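A.B. asks: Sharing the record's features from Swiss-Prot:
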type	residues	note
BINDING	GLN40, TYR41, ARG42, ASP43, LYS44, ASN72, THR110, LYS140	4-amino-2-methyl-5-(diphosphooxymethyl)pyrimidine binding site
BINDING	ASP73, ASP91	Mg(2+) binding site
Amino acid sequence: MKESSRLRGLYAITDSKLLADGRLLPYVEAALKGGARLLQYRDKTSDEARRLREADALQELCARHGAQLIINDDAELAARLGVGLHLGQEDGSLAAARALLGRQAIIGATCHAQLPLAEQAARDGASYVAFGRFFQSHTKPGAPAANHELLREARARIGLPIVAIGGITLDTAPSLIAEGVQMIAVIHALFAADSAAEVERRAQAFSQLFNTP
């Protein structure tokens, strides 16, 4: 599968608080049924055994639905499962992760609102770069704001797929996609829902934005 086709569409990111009390697997499966093409497992706790169990179960769900699993900030877990990795600016060396995971692995990099960080990530072997926050974010409310001009500059200077993240909703996503963003990363606007059925409905709505002419 070409990288361009693997790295496009709704990028769902888990949240250990939103998806507590048994919601993780049913809500994630609902997002995948709704069309999410990538799933990032983001869990900052120290319970390695539980994270391995959950990541293994998520890998099975992603395989069943033809989606890509990305592990947040745990290169060893990503290597163990043979899946992708996402690194923040303080999560270790991207070049070292590339050496560990191999040439074919998907490795993404958080670049905040800074084009130089994205250019460095591209040199270090990133598969995609993530910019944000674009709007007020529940997950990282104090993060510096990114804007549409940054996206235009990044498209002109970096030959990698771009992820937009940070407070994105169904109302605000279209303007980002219109700027050429290949992936929209969503947490609360997807998973802060009362039921798995609602998650699936939201995922379908986000996914349809990428099919609009």
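For all residues, glycine too, the Cβ spot is worked out from N, Cα and C.
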A.B. asks: How big is the Cα-to-Cα gap, in Å, between ASP73 (Mg(2+) binding site) and ASP43 (4-amino-2-methyl-5-(diphosphooxymethyl)pyrimidine binding site)?
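C.D. replies: ASP73 (Mg(2+) binding site) and ASP43 (4-amino-2-methyl-5-(diphosphooxymethyl)pyrimidine binding site) have their Cα atoms 9 Å apart.
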A.B. asks: Quick one, of the binding-site residues GLN40, ASN72, THR110, which Cβ has the fewest other Cβ within 10 Å?
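C.D. replies: Per-residue Cβ counts within 10 Å for the binding-site residues GLN40, ASN72, THR110 bottom out at ASN72.
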A.B. asks: What count of other C-beta atoms do you get within 10 angstroms of the C-beta of ASP73 (Mg(2+) binding site), across all chains shown?
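C.D. replies: Taking every protein chain into account, the count is 17.
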A.B. asks: Across all chains shown, how many C-beta atoms besides its own are within 10 angstroms of the C-beta of ARG42 (4-amino-2-methyl-5-(diphosphooxymethyl)pyrimidine binding site)?
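C.D. replies: Result for ARG42 (4-amino-2-methyl-5-(diphosphooxymethyl)pyrimidine binding site): 18 neighbouring Cβ atoms inside 10 Å.
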A.B. asks: Same-chain residues six or more away whose CB lies under 8 A from the CB of ASP91 (Mg(2+) binding site)?
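C.D. replies: Set apart from ASP91 (Mg(2+) binding site) by at least 6 residues yet with Cβ under 8 Å, we have ASP73, THR110.
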A.B. asks: Looking at the binding-site residues ASP43, LYS44, which one has the fewest other Cβ atoms within 10 Å of its own Cβ?
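C.D. replies: So among ASP43, LYS44, the binding-site residues given, the one with the fewest Cβ atoms within 10 Å is LYS44.
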A.B. asks: Could you tally the C-beta atoms, other than its own, that fall within 10 angstroms of the C-beta of TYR41 (4-amino-2-methyl-5-(diphosphooxymethyl)pyrimidine binding site)?
C.D. replies: 27
